[in-house]
Amino acid sequence: LFALVNGHCVQGRVVFPAAGYLELARAVSQRVDGEPSGAAAVLQRAFFLRPLFLSLADEASVTCELDSSSGRLEVASVNAAGGDGVAHFAAVRVAGAAAQAIPPALRSVRECCPRPVVVPSLYASLRSMGLEYAEDFRTLQSAWTAEATVAARLRGRKVWPGGGVHPADLDGALQLASLLSPSASKETRMPFAIAEARVGASSGRLWAAASQRGADDTAVWLGSPRADAQTRLSGFESRALSAAPAPREQRPLAPSRYVVEWCAAEPEAAEGGAGAAPPLPRVAVIADTAPAALLRLGSLSSSTGGALGAERWDAVLLAALGPAFAHGLHALAGALSAVQWQASQAAPVPVWLCTLMAQPVAGASAARCAHAGMWGLSRACRAELQLPVCSLDLDGEAAVASVARLLGGRQIRLGGGSVHGLRVAPSVESEAVLRGSLLHAPRLAAPVDCSFPEAICLSAAGRGAIADLRVDAQRPFDAPLAASEVELQVCAVGLNFRDVLIVLDEYPGPRVDPGTDCSGVVRGLGAGGGGHLSIGAASFGSAVGCLASRARADSRLQVRKPSATSFEQASTLVSTWGTVHAGFERLRLSGRRALLVHAAAGGVGLAATEYAHWLQLSLVGSAGAPWKHHTLRSLGCRRLVSSRHAGASVVGLVGLLRGSRAHAALNSLSADFIAASSAALGERGRLEEIGKRGVWSDGRAAAAGVAYAVLDMATEVPSRPGWFLRRVLQVLARRLVAATVRPLPAVAFDLVRQAQAAFRFLANGRSIGKVVMRVGAPHVSRSLPAEFGAVCGRLDAHTRRAEAALDGDSLSRACELLDALCRQYVQAAVEGLAAPSSVAAWHHRLLLRWCAQQPPCAAPVAPSAVVDAHAGLRPLVDLAERCGPRLGAVLRGAASYQELLFPGGSMEALLPVYEEAAVSRFYNDALVAAVESVVAALPPGRLLCVIEVGAGTGGTAASVLPSLELSCARYTFTDVSEVFLRQAEPRFARFARFMQYELLNIDADPRLQGFAAAQFDVAVATNVLHATPFIRHTLRNCRRLLRPGGLLLVNEALATSAFAQITFGLTDGWWLFAADPARLGQSSPLMAWEHWRALLAESGFARSHAARGGGALRTQAVMVAQVARRPEAAWPAGVAAEAQLFSGGL
């Protein structure tokens, strides 16, 4: 039986079809009566009791029993081990029942059904309802429908040797019933009852029909086209199937997850100095009387009896360590009593809940969960009652002094953790783990198990709201790949307004899953898939319900993607350009004919605009917002009208056409715009309607006197796949290669994080061109799959090419002149100081010390001489002229260096230095080349998470972001000042879909500033890491942000210059390095490459490389450092998919 019906799946499982029960009943009836093969049987009051699920592993048997006296017939399954059977079907067999009223011939029913049905869309709709049919059960060839009747032609079948009517044929007739109940299309419906059935043998050319007579009364017929139906059912009812429990892999994915890990930390140094011993606190220890428990706390004073309130205590320690607290509830009861006493005090004493090995620490044995409730209690007390309740986990080997230091305060204070702007202060902790004498504190970390499974899909709990969309794990396909099908690994999906209507449950057609235009990689190909595709080839085309990692489609609906076209670009053209191409073929326009295109700023509108220019047509377009008009005018569409009001559109058309009429119109708007478009056409004008709502009937179009035709690619493509492949997709691919078609502008969203945002963006009409959903591999992965050598090789190759195109000799000469000019300013400032004591600021005294050591200039240099030597240094000369003459005044405190560098709080004086100066531009381009090298090394669909440290004025972001536009999942723009963040947000509004703006002081542990460890693939820093107090801490914090295999890209100056000292040296941040042990004795924070390489290795980077030019370019470099990859076996076990988080209150 499984081999016969394995193409019939319901909610992912093979189910024996209702047609199979009817055929079993017919066969038994024939056998009992001794009738010839294929004789008909008549059944009444037939009920389908329980679904019969089948699998290859089943050893059950199916029996069909008939009681000849009562006529009762029952089909049941019996387990191989014996026992009672399970009834699945019951009916009453009758002999000589009255003939049912049937149509004269099934072919005549088709004549009453004028509207064709797109059969592939019907099966896609059934699949969305949980009914999935393999190729052998897709027996419908063509179908037509009327108001309450539907007719279909089935595939021809030879005489079935196993019986009278094949279950797939009768099931095909029952599939038609779904077209008669659109209101119930949201449910998985199964046959429930049949009032009367006549089941006869059927083969050859078969037709089927169904007619709805009441709310729960449907008649179904199956037979040859010219004769009476051999099989006919009356009173057919279906019921919604109760939803089966979702498989584990289909659980909805959490929108965000985080993991806390225990990291070694240093307590804050004592105020009395390193040698001062802190006074021992008076601690009340609540514990059992077992000596082992007291020994664990050493010589701390303990009290096992008496009232806590009898004395004054510095802290109360509940030690849940001994046998009395072996049961978690006993410990929890004791903790609750201590907390209740604490809450009753006027000045609550800190309470420490001490557990034994309750928390997992890397490298230690497994944690014990018996006392996990005590940690939850302490968190609830802090959150709800603001009580000083702390948690401490021991391992039985903690030293008394270590415990005493922690208990001395109300909370645990760790050095260098809390961050507020540029200030780094001790962090305050309420939880700690002590392993021996080593203290551990909780810190954010990225999940070690990938937050998203290998295959994902977009689903909705219910239709009607975008908010119901969610990302689920995608289940494997149950049915084998059909001969004509192709299976894709989807990389990008172009969204259409039709998809929004489907999600909102407003689409007038059959119920299908959203998503049709896709591009991806071929992973499976049926035996009859044709020669135009191959395994591993990149393709694009149409696939219904393709908002998933994997999708299946007719192989004739896919074509090879040109290598020069990205997946996102290809997905913008399938429906848009295909609709325009098919519409223009029908319109047959050429020369200077006038064409009206509505919604010209949309995807179809932009494709039509380009196509019209290619055909040299006279174009009139409509658009809504003024900024859309501006964009269309920049694309050459000069004649525009409003698309917000039909009346205003008509007035504008009359003026633009100057009394003439358009020859054709392409309309996607509804309501009065159809009539307005018709009025704008001449006598032989043609109106191609591509909208989905408010479409005219044939009678209304005839009354208007225009040639009105509806172009619906959603029905054209599945019904004519050969035409779509040859006349649309292959033509489009050839024109993409010839560059006569350009991809549409697109706004890309990530399926994992931004699915709802993408649909809202499209529904709000704010897009120009297309909205694309990037599906590919999830961007959250354990490591970055980029080869270090390949990235560095591409970077070096770019540096050599860029240096060869640069006039190095003139640049070196100009840099020498600039250095002499700046030393002139230094000499004048030193000579103008009355005494060194007149310099008040600490950092200006350090600058003065450097200035006093500079040799005098041999000859005066004019600023113009520097610019004449190389115009690329003009931004540096301008800033030097601004700061140099005022250097002495700044040192004396008579002028503000902030006003020199940031006049009026503006960045205008510094932006050219970072973005336009020759050396800066050279290394900015090198940094972009490094980023592009990383992108080129990614597998298809893989996205990057990038963080820029100290982004400041945004010069680096402006260079890098265009290269990341289609490959970035998240770009985090950080700085210590909110001023920079506020100024950057409007500047980079174009990339808003993946931009984030966060405060970050890289001097301190980023895990204490809301950044989980190991969550970024690439960290970028330009001329910022040197300006930190302790460079080792800075590099370690950068490493903490990166995933295994992640890359740190650093664009830094390597040598001190007079220009840098008299400009950036005016700031206090330049001199923060003065106390850095790694830079003692230096006159500036800048370091040579050899020094950088040693510090990167000390900070945990496995490999590093520097790309730099020669001559004047030698003073700067783009450095690449990589975090070591972790072997697969070294990854800790992840959080189980079924793990639950429990939280509650007191």
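Just so it is clear, glycine is given a Cβ too, placed from its N, Cα and C backbone atoms.
Residues annotated as domain 'PKS/mFAS DH' in TrEMBL: 1-247. Look at TrEMBL and you will find 1-100 tagged as region 'N-terminal hotdog fold'. Annotation comment: TrEMBL describes His8 as active site, proton acceptor. Marked as region 'C-terminal hotdog fold' by TrEMBL: 114-247. If you look up TrEMBL, you'll see Asp171 marked as active site, proton donor.
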Cα of the residue listed as 'active site, proton donor' to Cα of His8 (active site, proton acceptor), in Å and rounded, measures 9
So His8 (active site, proton acceptor), by the Cβ count within 10 Å over all chains shown, scores 25
Cβ neighbour count (10 Å, all chains) around Asp171 (active site, proton donor) is 22
The correct DSSP tally for the region 'C-terminal hotdog fold' (114-247) reads 30 helix, 56 strand, 48 coil
For the region 'N-terminal hotdog fold' (1-100), the DSSP residue counts stand at 20 helix, 37 strand, 43 coil
